[in-house]
Each structure stands twice: as C-alpha cells, then as structure tokens.
C-alpha cells in the first residue's frame, strides 16, 4: 500500500528584528497616503483618522505598516490574512487564532520625535522606547528636572547631573527615560508603575551613533535583575532607543551578557523607507479620497501652530 506523502510545515527561520522609519522626513503624496491606509485594518484606519496632528497620524500609520510587514515577511503570513488586536492596555498583538510557528513571538513599537521604531524577537519578551532630546516647552531645564524629580532615583539624578552642560544632562535624562519605558512596555503594565522602583546603572556614559550597547544594568526594588538585558543605541544625534529583553521563563538571554560581552553588538537598526514599508502590502479596503482631505486638514493645523512633522 502506498501512503500519501505527509505535508511538511516549513517553519521560517527568524532572528531578532530592529527597524526604524523616519516619520519626520516622510511627506506622503496622496497616492502614498491612500495606499497606506488601504493596507491596514479598518478599525486602525478609523483610529488614525482621529489624530489632530499630522505627525501623530504619520507615526501611528507607520507603526501599523511595520507590524504587518514584520508578520508578513518573518512569519510568512499573507498581508491580508494578518489580524491584529489590542490588549486591555492598548498594546498591539497578533490575534490568538493566528497560525504562528513561534509561540513566544513578541514585538513592540514606539514613536516619538522623528521616528517610529520596532523591535521583535522569536523567543524573547521585548519592549522598546525611543526618546528625542529636546528642550522643555516651558521653563528652564532645572525647573523641568524639579517637576520630574520623582521619576528617578537619587543615584540616577547624580548620573544625569554629572555633566557640566545642561544639554548633556537633558540627553542623559531622556536616555534613562527610554530605558524605564522599555522595561514597562516589555512587562505590559502600562500607566501606574512606580518608576522609582527602577534604577539603571548606565554604561558607557557616552554612546556612538549607529552602535548598539548592552552593558547597562537594571536594579529593581534594590535588587539587580540579571534576567533582563538592555540594548541601547542612538539612531542619530538626538534620538535614544532602548530595547528590553527577557526570556519568557525568566532566564537570561544567552547572547546578551554584561560580564562577557561589553562591546557593541551587531543588531543595529535598519532604517526603512516608505517603499520598504509597503513592499509586501496588499490593499484590504477600497480607496477613500476623503481620508487624504482629512490629512491635509491636520497638516494645516500643524502649520498654523508653527510646528513641523
């Protein structure tokens, strides 16, 4: 008797992913904008349409496209078959009934300043945050630090204030902030986490653009958390990115070791352009020209307010 051959399920090989997209320099044409919104789920399009400012709409749309690109290209799931949902805290996740070859597959996005960034791992818990160093909207830097005093420990403030010039102090402030947010996003608790429970011993104090460092240590409630690892990088002169990593079972990610590997890693961010974002896209809804009119309107508000995306 001849039995039919068994159908083989090919599991795609996946490494960690680090992507960045410059929303601030993206000036979409009507065709680009309408194609982009046709390539996301209707509920996400509706959510993006509620943003007042163009910069926020662009950043959120880029994030949705990055997630779909990730799932389509790394998990081999057709673009129009991907279903994204949100947790009770608003974190985007794959729908539970998705045929995913990686049970611990995890991704996270962040957008602030001029970039939207994404980090993904096949087997690791992951959180990402990006912060742009910029002067406070109102008041002096010392006044700003006073308002934010309870967000950092005394030791962290000592590190922040160890620099002579205020801009370098602000730089270190946002670096610490990105680290804390990456951890909070990785554990998925959202607002309400007491940030002074976290203390980061940052190293090195100076970082080169384009390199990735993994020497910074986390102290949680006074105890060093060795199962967590943090990748830090500067995409450009003003943007810090922190990626928090942890195995689901709580053990340390073996490729990230503070003691044994103090040199920059090679997992650098890949800067994507718009064509990269939509390379695998399949439009899922009819074209809606009115959505471009809405975008132009938010652009006008932005210009009247004297800001740029």
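Yeah, the Cβs are placed from backbone N, Cα and C, and that goes for glycine too.
The following features are taken from Swiss-Prot:
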- 47, 86-91, 108-111, 181-185: CoA binding site (BINDING)
- 129, 181: Mg(2+) binding site (BINDING)
Residues that sit under 8 angstroms from residue 182 (CoA binding site) by C-beta distance, when 6+ apart in the chain: 127, 128, 129, 230, 242, 243, 244
Site with most surrounding Cβ atoms, counting all protein chains shown within 10 Å, from the binding-site residues 47, 91, 111: 111
Integer Å distance between the CA atoms belonging to residue 181 (Mg(2+) binding site) and residue 109 (CoA binding site): 12
Per DSSP, three-state class assigned to residue 182 (CoA binding site): helix
Three-class DSSP secondary structure - residue 89 (CoA binding site): coil
Residue pair residue 87 (CoA binding site), residue 181 (Mg(2+) binding site) - Cα distance, angstrom, rounded: 17
Neighbouring C-beta atoms (10 Å sphere around the C-beta of residue 87 (CoA binding site)): 10
Between residue 181 (Mg(2+) binding site) and residue 111 (CoA binding site): CA-CA distance (Å): 12
Nonlocal neighbours by CB distance (under 8 Å) for residue 89 (CoA binding site), same chain, sequence gap 6 or more: 188, 189, 190
Structural state of residue 47 (CoA binding site), classified by DSSP into three states: helix
Residue with minimal Cβ packing [other Cβ atoms within 10 Å] among the binding-site residues 129, 181: 181
Cβ-Cβ distance under 8 Å to residue 184 (CoA binding site), same chain, at least six residues away: 127, 190, 193, 195
Local backbone state of residue 129 (Mg(2+) binding site), from DSSP in three classes: strand
